[in-house]
């Protein structure tokens with residue numbers, strides 16, 4: 001399987017472009033978030049990133065019940081109930097954005113806009129001076145950026161060929177033939193490893209981890225700079241056995257750097273805005289002491305450990 005180039009300016013489904021980012025690679029960066037992901041992690045902080053289609057988010061606490069959304073909806077997805085509350089029929093909603101434009105209280109937004117590579121590159125290139133002075137560049141994240149391979153490769157190529165440092169943040173669940181081609185235009189890989197136990201990985205994310213671990217080893221073999229990223233989720237992968245297994249895996253394949261991403265609850269409101277429940281509602285964040293426990297275990301394998 002290879003990336004079949006059919007357009008010199010392909011479109012990608014983007015749900016955010018974050019300029020002046022400092023947590024997605026070195027220096028000052030522009031992070032482009034692509035929509036669509038093959039994983040469905042229980043703790044995902046960007047649930048609006050998972051589906052490969054535009055989605056409408058409705059924040060009930062901001063709504064003033066002007067009902068303009070009901071009037072403009074072309075499919076009847078926005079409905080006024082007998083008690084005066086609003087309900088969104090997600091089966092009917094197309095994510096067209098008509099209600100977003102009509103909303104007086106800014107209680108609605110659409111996640112996912114189709115943009116060409118040229119449109120995104122124009123935004124990215126505005127900060128070339130910052131990249132040069134800080135050692136920064138562009139990072140493609142998601143969702144999963146490799147789930148839109150034609151768009152990702154073309155955007156990375158334009159940046160890479162112009163001397164802009166390129167980075168991808170990936171879950172690693174991508175056919176190697178596709179990932180290998182994209183990596184030709186990548187300087188740095190931020191590679192997520194969720195769990196070392198395949199059964200638990202599938203239970204918590206929807207897929208097993210064999211392809212992911214194989215790809216991590218292959219990236220290291222080809223000589224690419226790679227930083228492993230481990231989200232630490234209490235009750236799921238925050239335990240000595242799993243963290244030790246991660247350290248052993250990294251040492252085995254010569255992976256030297258790992259960043260820990262402690263669990264947070266910043267994305268919870270978006271689950272409800274999408275009409276979903278949050279599966280980890282009772283989960284609490286880790287303490288500083290607990291985070292340091294994980295750091296010490298990983299450092300015992302001679303790894304360079306950071307906390308993001």
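Just so you know, glycine gets a Cβ as well, placed from its N, Cα and C.
No curator has checked TrEMBL annotations; they are predicted automatically.
Per TrEMBL, domain 'Radical SAM core' is recorded for 23-304. As annotated by TrEMBL, domain '4Fe-4S ferredoxin-type' applies to 54-83, 84-113.
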Folded-back contacts onto the domain '4Fe-4S ferredoxin-type' (84-113), same chain, C-beta under 8 angstroms, at least six residues removed: 13-15, 35, 48-49, 53-60, 62-78, 274-275
Counts by DSSP class (helix H/G/I, strand E/B, coil) across the domain '4Fe-4S ferredoxin-type' (84-113): 5 helix, 8 strand, 17 coil
Sequence-remote partners of the domain '4Fe-4S ferredoxin-type' (54-83) [C-beta within less than 8 Å, at least six residues beyond its ends]: 13, 35, 48, 89-113, 269-270, 272-275
The domain '4Fe-4S ferredoxin-type' (54-83) - residue tally per DSSP class, helix then strand then coil: 8 helix, 7 strand, 15 coil
